[in-house]
């Protein structure tokens, strides 16, 4: 009896060694991962002191917090930070890969968001109503003709949205991307059946991948390479994401072109991109003068999309609508116009326009978006910079007043 008890005790002792060894190995692996991230962050921060991702990873509080993370969460943090650590010239440098990241990795993302948005502990609120918005004209109409503009402008308002049912694009598998597209087809069918929208779906998912994932013989909405380029040239479809090093490092451009495409309404003015930096980029665009037209149509369209069965947008109690890039959190909205400022661009660049726009809280891009050239006539893409801790109504009103102020700068540049 005594020998049996002794044998059992030896077996118990031996079995305890295994989890202890496993724990030690896990701790060693975690420490190694933290050391690797820290080393990469130091190199990135030295190359670019304004790389917000790298700076945040090196903060003492974040370093202490990282040591408490289980290996799986540390790996997820590394994925979120990969773009900024690979591309040292990044300004913000990180992308969430799951809607839960903003809560589960809050010690990192809260600091990044504060560093970028300067919220000071604010909580985001959503409000599309123009009633009482500061700077709104008395008649409530954001009519650019009142500012002296006589030629119709290209106006666009878009928002980024992600569904709760899928990871964010940086963590999506090829199958996730195609299944997401198939999920959205049900929503697009509802829009196509609505006389206010109608339209078509244009997909880039190859037939062999579509068949492999869905079991269906072919992709019913597949377009040719020529049709894709035609849509890109018309600013209806987005460009090849695989060519973007920031999105490639973040995993957002992976599996291109699977699960990528767009829906466009019959009149061409309402577009939904799927499979871009966010799962959905939903936008309204038109040529005209009254910003209310595209703003109101987008709001109505968003309500129609979200009312469709199976569509639930991911949100955060602190940050509003969840987006891959922390810069787009909150409204996820970008309201923009193409406006000519030939005096501010007389040197052939947008440098002076950017310098004039920045103090006004405005961003300047080329006509095709970031890192694209301005128009030959000095046309730039102008939009308010803020997305978070500002309402949708405030953004579109800020665009109107920002155009007014920039046109004053343009007139001064002529003198």
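Think of each number as a place in line: the chain as shown, counted from 1.
Glycine too: its Cβ is placed from the backbone N, Cα and C atoms.
Whatever TrEMBL says is automated annotation, not expert-curated.
According to TrEMBL, the region 'Disordered' annotation covers 1-20.
Confidence in the domain 'Phosphagen kinase N-terminal' (33-118), given as mean pLDDT, stands at 96. Annotation comment: TrEMBL describes 33-118 as domain 'Phosphagen kinase N-terminal'.
Positions annotated as domain 'Phosphagen kinase C-terminal' by TrEMBL: 151-413.
Proximity of residue 281 (ATP binding site) to non-local residues of its own chain (separation of 6 or more, Cβ distance below 8 Å) is seen for 158, 159, 160, 161, 238, 272, 273, given in sequence order. Among the features that TrEMBL reports, ATP binding site is placed at 154-158, 235, 281, 334-338, 365-370.
Each residue of the domain 'Phosphagen kinase N-terminal' (33-118) gets a DSSP state, and the totals for helix, strand and coil are 60 helix, 0 strand, 26 coil. Other Cβ atoms within 10 Å of the Cβ of residue 365 (ATP binding site), summed over all protein chains shown, number 19.
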